[in-house]
Amino acid sequence: MMSADQGKRMAAEAAMEYVEENTVIGVGTGSTVNFFIDALADMKARIDGTVSSSEASTARLRQYGIPVLDLNEVGTMPIYVDGADESNRFLQLIKGGGGALTREKIVAAAAERFVCVADESKLVDVLGEFPLPVEVIPMARSYVARELVKLGGRPQLRSGFTTDNGNVILDVRGLKIMEPIKLEQQINNIPGVVTNGLFALRPADVLLLGTAEGVRKLTAE
């Protein structure tokens, strides 16, 4: 039986084939991405640097001496590599279990290609079993929670957690997400919401899944 960590490592290392020399690489956040950062260290001299989606990833990149650049100073970024908490077969994702969803969404949007890396347990038929994170400006927390209840969710404050942007996160359970694009837009239109963890308007372009049989590659249908 292969462990989840083995699957994550396989997928993360497979993403290295998308890394081009002399380019800037977008780097996500989380346990799977940490394996990618470890692999990226071996070719740090051959890339122009990285754009990081969180303070945690920035710290790990700098540990290896990999340059971290400000997105505002970067022109084109061929790829962004990140994990997911769930993916459907259309490569629409739930992300943000680690709390870095807003910066992840920004860096993903700025990249030409989004390569998602995960172990095979993350592939689901319908999104929503994993609680959907919503980043909220603190003063709007109660109002946003009431609006999320109207959408059929059960929001819960992620206690003791503040995002890199100084905001709070509501984790929303009980959503069977049949129309991810529509729900992503609906939630983002609630005043006080910074963004939510649905990556449906900008899904992944490639999904690499670590399985016992090797790395399985899916592209958006």
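Any Cβ shown, glycine's included, is placed from N, Cα and C.
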Per Swiss-Prot, THR29, GLY30, SER31, THR32, ASP82, GLY83, ALA84, ASP85, LYS95, GLY96, GLY97, GLY98 bind substrate; matching candidate in LYS122, LYS150:
LYS122
Setting THR29, GLY30, SER31, THR32, ASP82, GLY83, ALA84, ASP85, LYS95, GLY96, GLY97, GLY98, LYS122 aside, what same-chain residues sit with their Cβ within 8 Å of the center of the Cβ atoms that define the substrate site, listed in sequence order?
GLY28, VAL33, ALA118
Can you tell me how far the Cα of THR29 (substrate binding site) sits from the Cα of GLU104 (active site, proton acceptor), in Å?
8
Whole-number answer please: how many Å between the C-alpha atoms of GLY97 (substrate binding site) and GLU104 (active site, proton acceptor)?
12
At the Cα level, what's the spacing in Å between ALA84 (substrate binding site) and GLU104 (active site, proton acceptor), rounded?
11
